[in-house]
Amino acid sequence: MEEKFWKDHCMLLNKDEENELEIFGYKTQRCRKALCITGYILSCGALLLLFYWKPEWDVWANCIPCSLEEADIVLLRTTDEFQRYTWKKVTWIDLSALALPDGSTSECPLVADKDSVINRAVKKPQLKVRCIQVQKIRYIWDFSIKQFKKVGSLEDSNTCYSIHHKFGAGLTREEQKIRQLVCGPNAIEVEIRPIWKLLFKEILNPFYVFQAFTLTLWLSQGYTEYSVAIIVLSIISVGLTVYDLRQQSTKLHDLVEEHNKVQVTVCVKSEGCKELESRYLVPGDVFLLDGKKLSLPCDAILIDGSCVVNEGMLTGESIPVTKTPLPLTESPMPWKTHSMEDYRRHVLFCGTEVIQVKLTGRGPVRAVVLQTGFNTAKGDLVRSILYPKPMNFQLYRDAFKFIIGLSAIGVLGLIYTVCVFTYHQTGTLTEDGLDLWGVLPSEGSWFQKIHKFPSSTPLPWGPVCGVMASCHSLVVLDKKIQGDPLDLKMFEGTHWEIEESNMSQDGAGALHTCIVRPGPKASSAPVEGIAILHQFPFSSGLQRMSVVSQKIGEEQYDLYMKGAPEIVSSLCRQETVPADFLKELKMYTSQGFRVIALAHKVLSLGKDVDVSDLEREKAESELVFLGLLVMENRLKQETKPVLQELAAARIRSVMVTGDNLQTAVTVARSAEMIPRSSKVIIIEASEPEGSAPASIAWQLAEDSKASTAAAPVCANAQEKINLDGESCSYHFAMNGKSYQVLIKHFYSLLPKILVNATVFARMSPGQKSSLVEELQKLNYYVGMCGDGANDCGALKMAHAGISLSEQEASVASPFTSQIPNIQCVPELIREGRAALVSSFAVVKYLTLYGLIQFVGTALLFWQLQIFGNHQYLIQDVVITLLVCLTMSLTEAYPKLAPYRPPGQLISPPLLLSVVLNVYFTVTMQTCGFLLVKQQPWYVALASQRHCSLGNQTVLATSPKGNGTSSAQSTVLSYEDTTLWPLTTINCIIVAFVFSKGKPFRKPIYTNCE
C-alpha cells in the first residue's frame, strides 16, 4: 500500500533528459495554513523569510502529501547533485467557453490527432485540463498514464506519413483555438523585471539579511558613523547589482521580442490560407514560405519544397544550409528514427533566417509547425540563460564550510563576552579555409596523373570536372557566391560560374534549379552548362552528399557524389575502385591532407520524372569511382607555440575532430601534441557480429619517418604497454565509432584509455559532449575550445567553454574569444589562475582581518573596554576596503606555471598560513596588552561605569593608590591605544603577506603601473 502511494505521490518529469526533475504531489490543509500564518505574525516575518529561502519547508509545513492526481501544489526537485527545490501551483484550463464541435463532451477526440496528449488530458464532461508551468514550459496531466506531459510540440511518435497525412492540409479553426488555449502563445517572452522585484530579491539574500541584523546591533551600541558607512556601501552594492540585472533583462528581452510578432501565411483546413501573427501558431499548423526573407518564429518540419537558411544563431557560422522536405514514405518508424541522426536537415529552427526558397512540382514551399514558444531551439537557448545549470565547484563547498567554521568561532566569542559581562558586569588548430592541393583522377580502376592546383592549365572537362562544378550546396546571395568553404574552394578550382537560382518547367510542374556554366578561364567543354535539379544534402551521419543534375540541352540525368573516401568507395562498383586505393589514401592522409572521394552515376529515369521523389539509398548505389580530391589544411601560425606553452605548463591537449583519423594524427604530430619520440596506438573497436563478441584491436601507427608503404605493426603480447600514469610514451587515437563501442561494451577500460588518449577523429556532436563528461568523471577540469558549429553541446558541458565565434551561438559557452585562434586558451588559464589566487588571498585576508579584530576585542573585553567607533571605521573602510580593491588589481603572471594553484579553500597549505598568522596575531597583541600594564606611566580606568563606547574622555586614577594624580587624563585607554595600532599594522602586514606574486600573479608593486 505504501509503495503504491509513493508511486502515485512521486514521479519523474522529463525522464532521461538534461532538465530531469522529481515531482511530488501535495494538498494544502487549512489548519496548517492557519498555523503558518500565525507563525509569520509571531516571528515578525522571520518564518516567512525562512520559507522563502527553503521552499520545500514551506510546502511541508502548509501541505500534506497526496497523489499527483489530487495535488493542488507540486514540489519539484532536481535530480543532480544539488537537489534544488521549487514549488508550483496546479491550475486548470477551461475549454468549455470555446465553440467546440458536436460530440466533444463524449468519447470523441477533441483534436484530430488521436495520439495527441491533449485528447488524454481533457477531463470530461467538464472540459478542463490540469496544468503546471515549470521554467517557461507547460505540462498537462495525462489521465490515461497519470503523469504530467509536456505540450507545445508534436508527438515524437508521428511517422513521416502521418505528418503529411494528418497535418498536410492544416488544422481546422476549432482545433487551432483548442491548441492555442492548451499550448499557450507561440512567443519567447522574457519579462523586463520591475526594479522593485529585483530590489526585494537582492535584499532578501541571506548576506544582506545578516548585514541588516548586524547593523541593528551596531546602531543599538552607538556605532552610528560606522553603521552609516556600511549602509552607504551596501546601498551602492545593491544598486549596482540591480542595475546590472535590469540591463541584462532588458537586453535579453530586446533580443527575443522582435521575433514574437512575425506575419505568416497559415493554411486553415477547408478555409484556405490567411495572414496570421506568429504568436497564434500552434503545433500542427501549416504555413507557407513565399520566398521573402523570414526569421522563423517556430520550429517546423519542411514537407514541400526546399529552402536555404542561415543557422548562424545556432551554429555560429553564417553559412547557408539547405533544408529538404520530409520524405512521404509509409515507414512505421517515427520520423526522427527514420531519418536517423540527420532529421535536422528537414527541420527549420526558430530564430534562423530563411534566405531562399526552392519550389518543387507540388506547389508552394510548406512547413508544419513542430514546436512553439520555449520548446523551440531558440527557446531552449533562452531558457539556458534564464535558468543556468549550477557548476559544482569545490570552492563553493569549501567556502560554505569555511563560513561555518568562522561562525563557530564567532559563537564562542559571543559566549565569552556574555560570560565576562555577567561576572564583571564573511577548436581550432588549423587555418579556417582549406586550400585546393590537387585532384587524383581514376580511370579503368587505375589512378591517373595528379592535377595540382594552382596550375597553368585548367582542369580538363570530364566527369571529375562535372562533379567539382555541380556537387555542392553553394548559393548566390546579393551577387556573391556563398556556402561551405570546402565547396567554395572546390568550385573555384574549376573556373566555372554559377547563376542565380531560377524557375524552370518540367513535366511535373515548377522546379527550382541552379545552373553552372564554364567561365572564361575554364577548359573548353562540350556542354553549355549543368542544371542542378535536386540535392541530397551532406549529413554527418552519412558522411556524403550528392546532386542530381542534367546537362543543358540533353535528356540524360547524372548523379554526382562527394564524401568520406571510405564511405564513397563502399557505394561504388568495386571494379571501378583502384586496387591501390587504400595505399594512396593513407599516403595523403598521413601527410596531413584532407581527402575527399568523388563518384558518378548515370541515372536511368523517364522523361517526365520528378527527381525530388528519388529515394536516396537507391540513387546512391552502384556508382563509378572518379578519384580523390586532395585539400591542404595548414596549421595556424599561433597553434604550435600555444600548444608548446601548454605542454610546458603540464596541461594536456586533446584533439577532437570530425576529420579522418590519419589526418588528425598527422596534424597532432605537426602541432607537437604528440612528441616525435612517442608512438601512436590506433584503437579499432568493433560491435558484436552474430556469435562474435565486441572486440578491440590495438594497432601501432607507422612512424613518421617510415615508408608509407610499410604495413602497420600490431601491438602483441611480447611488447609491454604501460597504461599507468600520464607520462606514457604511447598516445591513443581512435574514431567516433570505436569510442562508441568502448562506451557501450568496454566501459571499465575507458578511464585507462582516456588518460593517454590524444586524438579523437570522426566524432559526432553528441560524442564530443560525452567525451567531455567522461574526462570530468576522471576529476579533470576540462576546457573546450571550438568554433561553435558542432561544439555547442561540448562547450556547455565543459568547465570552461571557449567559443571562437562571435555569433549568437557563443551563448552556448561561458567565454567568447575576439581572436579566432587558440591564443585565448593560455590567456584564459593565466587569468583564471590569477583570479583564483586573488580570490583565495582576499578570503584569507578577510578571515585574518576578522580574527585580528576578534583577538583585540576579546582582550579589551577582559577590561570591559571596546574599540571606538572611529577606530572601527578607519580599519574597515580606509584600510580593509582599499586592501581588498587593490589586492584584486594585480595582473596575471605572463608565464604559465607547470602546476596549478591550490584548488581547495580548505587545504593544509591555506589552513597552515591562516593558523600561523593567527598565532602571530595572538602573540603580538597579548604581549602588547601585558607589556603596557607593566609601564610606570600606565593608568587604569577609574571605573567601568565611566567606560565610554564612543569617543569621549574618561577619568582615570593611578593604580599605585598614592593619590598624587587626579588630573584629567587625555588617554582614553592605554590598552585600546596600544592594541589598535597593533591590529592596524597587523592588517597591513597580512595584506602584503597574502599578496604573493610569482608564479601566478605579478608582484604587488606593479599595481600602480
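Including glycine, each Cβ sits where the backbone N, Cα and C put it.
The annotation domain 'P5B-type ATPase N-terminal' is assigned in TrEMBL to 17-142.
Annotation source TrEMBL lists transmembrane segment at 34-53 (among others). Outside the transmembrane segment (34-53) by six or more residues, the chain places 61-62, 204, 206, 209 with a CB less than 8 A from a CB of the stretch.
Look at TrEMBL and you will find 166-213 tagged as domain 'Cation-transporting P-type ATPase N-terminal'.
Mean pLDDT of the predicted structure over the domain 'P-type ATPase A' (261-385): 82. Annotation comment: TrEMBL describes 261-385 as domain 'P-type ATPase A'.
According to TrEMBL, the feature transmembrane segment maps to 399-423 (among others).
Residues annotated as transmembrane segment in TrEMBL: 846-866 (among others).
Only residues 6 or more beyond the boundaries of the transmembrane segment (872-889), in the same chain, are considered here, and those with a CB under 8 A from a CB of the stretch are 223, 225-226, 229-230, 233, 838, 841-842, 845-846, 849, 853, 983-984, 987-988, 991, 994-995, 1007. The transmembrane segment annotation in TrEMBL covers 872-889 (among others).
Residues 840, 844, 847-848, 851-852, 855-856, 859, 902, 904, 938, 974-975, 978-979, 982-983, 986, 990, 993-994 of the same chain, all 6+ positions outside the transmembrane segment (910-932), place their C-beta atoms under 8 angstroms from a C-beta of that stretch. Among the features that TrEMBL reports, transmembrane segment is placed at 910-932 (among others).
With a threshold of 8 Å between CB atoms, the same-chain residues lying at least 6 positions outside the transmembrane segment (978-995) that come near it are 841, 844-845, 848-849, 852-853, 855-856, 859-860, 867, 871, 874-875, 879-880, 883, 887, 890, 913, 917, 920-921, 924-925, 928-929, 931-932, 1004. What TrEMBL lists as transmembrane segment is 978-995 (among others).
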* How does the domain 'P5B-type ATPase N-terminal' (17-142) divide up by DSSP, counting helix, then strand, then coil residues? -> 34 helix, 41 strand, 51 coil
* Structure fact -> For the domain 'Cation-transporting P-type ATPase N-terminal' (166-213), the DSSP residue counts stand at 30 helix, 1 strand, 17 coil
